[in-house]
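According to TrEMBL, the protein has these features:
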- ASP294: active site, proton donor/acceptor (ACT_SITE)
- GLU143, HIS211, HIS232: Zn(2+) binding site (BINDING)
- ALA154, ASN235, ALA236, ARG243, HIS272, LEU328, SER329, GLY330: substrate binding site (BINDING)
- 62-401: domain 'Amidohydrolase-related' (DOMAIN)
Amino acid sequence: MPSNKSVSDAPIVQFTNCRILRDHQLQREDLWVREGKILNPEKLFFDEKGSADVQLDCKDSIIAPGFIDVQINGGFGVDFSLATDDFKSGIDLVSQKILSHGVTSFCPTLVTSPPSVYHQVLPQISVRNGGAHGAGILGAHLEGPFISKEKKGAHPEHCLRTFEAGAFQDLLATYGSLDGVQIVTLAPEMRRSSEVIQELTKRGICISLGHSVANLSQAEDAVQHGATFITHLFNAMLPFHHRDPGIVGLLTSDKIPAGRRVFYGMISDGIHTNPAALRIAHRAHPKGLVLVTDAIAGMGLAPGRHTLGQQVVEIDGLNTYIAGTKTLSGSVATMDTCVRHFQEATGCSVETALEAASLHPAQLLGIEHKKGTLDYDSDADFLMLNDNLYVQATYIAGEEVWRQDASGM
């Protein structure tokens, strides 16, 4: 343990006049930060006899953990499913721009693509901390190609794959590598999916069920083998039916292993899911709801034609379709917009809305000891918001990385 002197050499910042989201409640107390971590002020006062070097008046803002987006396909003209020469500068651009939406960490998401795309793109996605350069990268989310033809949504049919005799080896050959992969979305009704789920889970990769025609027992079987997430609930899966509720039935299943929680993504943009469906899901299983944007390259751009992997998509207002069809293809919603819409549509508390974009995704990925909360010793990734949940400033590791109206940002 370092001496008190060495501990207290680093500057201590005290954020005052704020309401902090801690223990599921907005609490009127100060936030103390040192060396990128959240400090316990009692230890500081009593063990170190320390005090703040800098005090910042937050002017009665809400301070909440930074948002975590586990499904984002791109934005600002950048498509993560396109193998380009300047892929790295594209991912840097998106990670920088989403700071204004309150996103401090994300999982770049690749839709179903040919193996050549995975082999080119995946080595260029490396896990990294966030900072002034942009939001942190938690690892890739591979949505496909092991999904159902019937529920392919905006995924190109000619790139879909099934598991053959050496199922896990098929998957490795398709992706080329699993380094830096955080989430894989697959259809659990596919033959041999159980062994693939087990193998991926063993490697610490989160398995999500989606783009699927699975019935409830197939979905439950997948959860028993290690699956923990549902990709954009209600979208690209069998609709709820009272005799077989399908994947949606996992929200109230009594076959979930003890001590495990199933999480589910929701695109709360007012288009992908009717507010009534959002309310049903939230009331059935509030602790599992994870807000995702499912944003595509057109997020942040004017309406018109853009890409999503191998497909051309058209943006019309907040609607995004595969060109020439009425098939929805991702969203152009920002994470802060999704949080506000979720709170308005469900009438939930401010705390609940904020945790759906921070604590829940962190719990899903097993990183809640350092991200998604403002507990002592966790990473000082946080937001200042006004009472209407508009982001005023974004901090990563205790440093301001974006502020509303700041020049040049």
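Every residue, even glycine, has its Cβ placed from backbone N, Cα and C.
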Checklist entry - ALA154, LEU328: which of these binding-site residues has the highest Cβ count within 10 Å of its own Cβ? => result ALA154
Checklist entry - Over the residue list ALA154, ASN235, ALA236, ARG243, HIS272, LEU328, SER329, GLY330, recorded for substrate, what is the maximum interresidue Cα distance in Å? => result 30
Next on the checklist: At a 10 A cut-off on CB-CB distances, which of the binding-site residues HIS211, HIS232, ARG243 has the highest count?
Outcome noted: HIS211
Checklist outcome for this item: Of the recorded positions GLU143, HIS211, ASP294, within 10 Å of GLY330 (substrate binding site) (CA to CA), in sequence order, we find ASP294
Item to check | Distance from GLU143 (Zn(2+) binding site) back to ASP294 (active site, proton donor/acceptor), taken between C-alpha atoms, in Å | outcome: 11
Item to check | Nearest of the binding-site residues (ALA154, ARG243, HIS272, SER329) to HIS211 (Zn(2+) binding site), judged by Cα-Cα distance | outcome: ALA154
Checklist entry - Given ALA236 (substrate binding site) and GLU143 (Zn(2+) binding site), what distance in Å do their CA atoms have, once rounded to a whole number? => result 12
Next on the checklist: Rounded to a whole angstrom, what is the C-alpha distance between HIS272 (substrate binding site) and GLU143 (Zn(2+) binding site)?
Outcome noted: 17
Item to check | GLU143 (Zn(2+) binding site) CB neighbourhood, other CB atoms within 10 A | outcome: 29
Checklist entry - If one measures from the C-alpha of LEU328 (substrate binding site) to the C-alpha of HIS232 (Zn(2+) binding site), what distance in angstrom results, rounded to a whole number? => result 12
Next on the checklist: Using a 10 Å cut-off on Cβ-Cβ distances across all protein chains shown, tell me which of the binding-site residues (ASN235, SER329) has the largest neighbour count.
Outcome noted: SER329
Item to check | GLU143 (Zn(2+) binding site) versus SER329 (substrate binding site) - Cα distance in angstrom | outcome: 13
